[in-house]
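S.K.: Got a structure for you, written out below as structure tokens; questions coming shortly.
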Amino acid sequence: MDFPCLWLGLLLPLVAALDFNYHRQEGMEAFLKTVAQNYSSVTHLHSIGKSVKGRNLWVLVVGRFPKEHRIGIPEFKYVANMHGDETVGRELLLHLIDYLVTSDGKDPEITNLINSTRIHIMPSMNPDGFEAVKKPDCYYSIGRENYNQYDLNRNFPDAFEYNNVSRQPETVAVMKWLKTETFVLSANLHGGALVASYPFDNGVQATGALYSRSLTPDDDVFQYLAHTYASRNPNMKKGDECKNKMNFPNGVTNGYSWYPLQGGMQDYNYIWAQCFEITLELSCCKYPREEKLPSFWNNNKASLIEYIKQVHLGVKGQVFDQNGNPLPNVIVEVQDRKHICPYRTNKYGEYYLLLLPGSYIINVTVPGHDPHITKVIIPEKSQNFSALKKDILLPFQGQLDSIPVSNPSCPMIPLYRNLPDHSAATKPSLFLFLVSLLHIFFK
């Protein structure tokens, strides 16, 4: 037996170093399958559906319990390459996967992140579009849309106006995926600008459209999330790195303030999937040359990791009856920031609320009963990669048969269309705005 060769083999990494090239569908699939095979204890590879041309929409899950949800462990996701000709995010997510699995057990921060978070990574939502690009271009290429020539970031239901378009297979697959997991936080990776953009992307007068903005009830949290990413990217935070394009102070913008769009994915996530999502524009050039990929990784690595950690902001817990039975489908909302589609507990009675440090009143409402009110104080720093844990015991005897196990969907119609301008579901208060500013400038 050749012992030197044996020892050399043991020292080599389980996955060969991922090169900084663009990986077409076959190469991407081969890499993902190799990772899933060699790191099977912390990864789970699955397809959430197929593109128009039958290509798999792969998702690799990284976590200590990758195959199933565990109570108390929040679900996080990254999605890239929604526009097929915007390619940097696709490669960054492959390198993020490589970094996570090879750092587990070696880097304490990454190990803690994998222990405490279930991370879902979709490198390409539009593989047909990516494969259709024949001549990469900085501004626009055939391949932005899917094979049926639909822009997937205009293809979701819209809460502000009717979006009567043919729902595409890629969009339907993502919508179904969102129903299967309790996603808490997400980001959607794009290219063609350098900015972190937060909801809303569309708007009405009640959300601030008259003032060229459209703000959610959680605007303070969204601004904080966007700044968290942008501030760690040395080029994005400058706000003016892309020539002949709009400048963004501190590398951050409200989506509607930049330009309104109908049927976007980040608004859909926030309103109908109970998931906070922002859009990350990562490169001035949509499809830059391969030799620039290492610098993109270096500029985004810290931001990508730090953003995942934000899934542990705020408070989480379960809602129980007096016999200790978890209560699904119970409305859990923070006073003065009601969502137009109320956030509800999942089938395990779990809730997750992303909140900045401070004092909050939480209303817990079982259908047909008066709200139960509880107060929480979110500390300045999360404890060991965990949000504040606050289980809530409701004064009910026995399981409530009137509560359905699964969450009833809010109708996918323009929910904001006829809402009064003063509604709490549309206007963040002055207090929330001031809190947001304090966290941005004094963090």
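Backbone N, Cα and C define each Cβ position, glycine as well.
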S.K.: Scan CYS242, CYS275 and flag the one Swiss-Prot records as disulfide-linked to CYS284.
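M.R.: Swiss-Prot lists the disulfide between CYS284 and CYS242.
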S.K.: Given the candidates SER295, SER406, SER423, specify the residue that Swiss-Prot annotates with GPI-anchor amidated serine.
M.R.: SER423
S.K.: In Swiss-Prot, CYS138 is listed as disulfide-bonded to which of the following: CYS5, CYS275, CYS285?
M.R.: CYS285
S.K.: Looking at Swiss-Prot, which one of CYS275, CYS410 makes a disulfide with CYS341?
M.R.: CYS410
S.K.: From HIS190, HIS227, HIS312, HIS339, grab the residue that Swiss-Prot records in the same Zn(2+) site as HIS83, GLU86.
M.R.: HIS190
S.K.: Out of CYS138, CYS242, GLU281, CYS341, point to the one nearest ASN38 (N-linked glycosylation site) in space (Cα versus Cα); all of them are recorded positions in the record.
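M.R.: Going through CYS138, CYS242, GLU281, CYS341 one by one, the closest to ASN38 (N-linked glycosylation site) is GLU281.
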S.K.: Spatially, and counting Cα to Cα, which of the recorded positions is closest to CYS410 (disulfide bond)? Options: ASN115, ASN164, GLU281.
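M.R.: In terms of Cα distance, CYS410 (disulfide bond) lies closest to ASN164.
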S.K.: Within a 10 Å radius of its Cβ, which of these disulfide-bonded residues (CYS138, CYS284, CYS341) has the fewest neighbouring Cβ atoms?
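M.R.: Checked CYS138, CYS284, CYS341; of these disulfide-bonded residues, fewest Cβ neighbours within 10 Å: CYS138.
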S.K.: Nearest by CA distance to CYS284 (disulfide bond): which of the glycosylation sites is it, out of ASN164, ASN363, ASN384?
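M.R.: Nearest listed residue in space: ASN164.
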S.K.: Does DSSP put ASN384 (N-linked glycosylation site) in a helix, in a strand, or in coil?
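M.R.: In the DSSP reduction, ASN384 (N-linked glycosylation site) maps to coil.
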S.K.: Near CYS285 (disulfide bond), which of the recorded positions ASN115, ASN164, CYS242, CYS341, ASN363, ASN384 can be found within 10 Å, Cα to Cα?
M.R.: CYS242
